[in-house]
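For reference, the structure discussed in these notes is given below.
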Amino acid sequence: MSFNAKDMTQGGQIASMRIRMFSQIANIMLYCLFIFFWILVGLVLWIKISWQTFVNGCIYWWCTTLEGMRDLIKSQPVYEIQYYGKTFRMNAAQVLHDKYMIWCSEQLWSAFVLAAVVALVICLITFFVVSWILGRQGKQQSENEVTGGRQLTDNPKDVARMLKKDGKDSDIRIGDLPIIRDSEIQNFCLHGTVGAGKSEVIRRLANYARQRGDMVVIYDRSGEFVKSYYDPSIDKILNPLDARCAAWDLWKECLTQPDFDNTANTLIPMGTKEDPFWQGSGRTIFAEAAYLMRNDPNRSYSKLVDTLLSIKIEKLRTYLRNSPAANLVEEKIEKTAISIRAVLTNYVKAIRYLQGIEHNGEPFTIRDWMRGVREDQKNGWLFISSNADTHASLKPVISMWLSIAIRGLLAMGENRNRRVWFFCDELPTLHKLPDLVEILPEARKFGGCYVFGIQSYAQLEDIYGEKAAASLFDVMNTRAFFRSPSHKIAEFAAGEIGEKEHLKASEQYSYGADPVRDGVSTGKDMERQTLVSYSDIQSLPDLTCYVTLPGPYPAVKLSLKYQTRPKVAPEFIPRDINPEMENRLSAVLAAREAEGRQMASLFEPDVPEVVSGEDVTQAEQPQQPVSPAINDKKSDSGVNVPAGGIEQELKMKPEEEMEQQLPPGISESGEVVDMAAYEAWQQENHPDIQQQMQRREEVNINVHRERGEDVEPGDDF
């Protein structure tokens, strides 16, 4: 409410102008309806009675009207009455008492009443129809006119009716919204911050997958899905630290050299900033060593780790001779080989957690498990799980397993009617899956249904790169956008939901003291606008999202309700690991990492030393050729030799000094020869070394870089 004179003047002028304009329209409508009423009455009378009856009836009612004035009229009028071709002459008194004339008057009156009722009803209907048409036209003039783009609705049942009308509604629903039939093979993307509701959507889809008996591979980072869905009779778990872990066999899983290469590509990912030589060399050594061990009857994960990390570099060189990896451990570049093995340590150390799982029953391979899919009965699920405190250590192995499962889909053969689900919440918490970009577009031919949850599109770009991330995101057709707090990410989500093209209506008023100046002008301008603003994305409550379906269907604002699920199994059961073997492997890893740190220092640029005036004078003398022998003598005087490449002579400590740095009880090859001495040294110097080794960050220690580059791709999220 405002008592400001300006506001009251403006409001009064506009109200007065509206009243005048409404009065004009009302007068025109009533005038037209009045004329229309009598036209209708005349038409009904013409249809209902004859002309003779109409005329005679009118004469009767005219005489009735003049009856009270008959005594005042000196000369009584005579009326000619038509009666079926005959003419009779009657005065007013005769007309009023004639039975035929009375009958004609009754017929005329009844016909007139009927005609008036019919005309009134028609006029009322006409009035409302005209009012609705005029109101609709006025509303259209004042509303935006949509000319293209996508629409937005907050009622999922409207979209459900559209899908049902088109015959494309599916039995799979997210809340009240059905997805498009068979669109599950076109993949899902769940985008939003933590705790917004992505896992709830995955659970809704997982319920349908369990009811239909579909095969499912699910990445469970926290154990929540194991707790709610694990069925030990048909399901499998892959978690190196879980007692229920299947006895996965690397050498039965990988039958050919390319299989080992693919496994190494995921186990040892390429960094985004580091020199790819180090990771690529580590991949080659791991793949070749594992391939050579396939025919060893005593092969095991412990032996594989020992071969790669424990034995001397000379023995590793002998083991890899006549293989493509032999060039990477040659004696001429031994220092580089030691650095490559240090890189290998960061990722292969995750394999040590697999030691002992071969005793967990029959050998298990993901490839054979997926080939055993049955369409006539319910299929099992594969849970690839971890927990928060061990995820960083298990990430290479988990990424490797998931990559094998993704490739295993192609080995199942083409079948569009089959459904194999891959649920991966928080996908960027894994290493880059190299085959995902190529396999995802083709997976629909094999019945693959991928459901990926990400916190932001920036995570995909950080892990996979700009172009690969765009390719992945483009093949995820059904999308749900939950809350994104940051402006940039929320703006991206708003753009992906879509925009509409419309003619935006505008209305302007002009008024003045003279009514001639009063007027209203309307117009429309073309405009493109996003369906939702980034602020709408930022302010979404939990369990509320915008869902976009493939095809010409509106975007839907969907609200979900959390559904509690009973606990059917423990999320995690610790597995007993051989402590002696674990201690030995920990010691080996400690030795290799210490060796890697020493080698890393050799590849760092030297800091120039401040020299005295004498040295400056000597340095101004012309340089003379220096023989290698003289150079060795001068190496003790503090002159630094730059480490510019792998072919240069690098200053190394004597082997005796290296042995002195190893803990007591550790041999030169890194093996534990005196467990009691080593454990005593641990208790005295490093009481918490075991815990530190388990949780050590996976840092590339072989190239000099900034501290910020030590983070794995995706660890910032």
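Don't overthink the numbers, they just go from 1 along the chain as shown.
The backbone N, Cα and C atoms fix where each Cβ goes, and this holds for glycine too.
Per Swiss-Prot, the features are:
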- G192, T193, V194, G195, A196, G197, K198, S199: ATP binding site (BINDING)
- 614-639: region 'Disordered' (REGION)
- 650-669: region 'Disordered' (REGION)
- 1-27: topological domain 'Cytoplasmic' (TOPO_DOM)
- 48-104: topological domain 'Periplasmic' (TOPO_DOM)
- 131-717: topological domain 'Cytoplasmic' (TOPO_DOM)
- 28-47: transmembrane segment (TRANSMEM)
- 105-130: transmembrane segment (TRANSMEM)
As a quick check of your reading of DSSP, tell me how many residues in the topological domain 'Cytoplasmic' (1-27) are helical, how many are strand and how many are coil. 23 helix, 0 strand, 4 coil
Beyond G192, T193, V194, G195, A196, G197, K198, S199, what residues of that chain have CB atoms within 8 A of the centre of the ATP site's CB atoms? L190, G453, Q455, F482, R483, D542
Mean per-residue pLDDT computed across the topological domain 'Cytoplasmic' (1-27): 76
Counting every protein chain present, what is the number of Cβ atoms, excluding its own, within 10 Å of the Cβ of G192 (ATP binding site)? 28
Including all protein chains shown, what's the count of other C-beta atoms within 10 A of the C-beta of G197 (ATP binding site)? 23
What does DSSP call S199 (ATP binding site) in the simple three-state scheme? helix
What DSSP reports for the topological domain 'Periplasmic' (48-104) is 35 helix, 12 strand, 10 coil
Sorted by position, what residues of the same chain at least six away from S199 (ATP binding site) have a C-beta under 8 A from it? E224, D425, G453
For the binding-site residues V194, A196, the largest set of other C-beta atoms within 10 Å encircles the C-beta of A196
Identify, in sequence order, the residues in the chain of T193 (ATP binding site) that are 6 or more apart from it along the sequence and have a CB within less than 8 Å of its CB; answer 'none' if there are none. Q455, S456, F482, R483, S484, P485
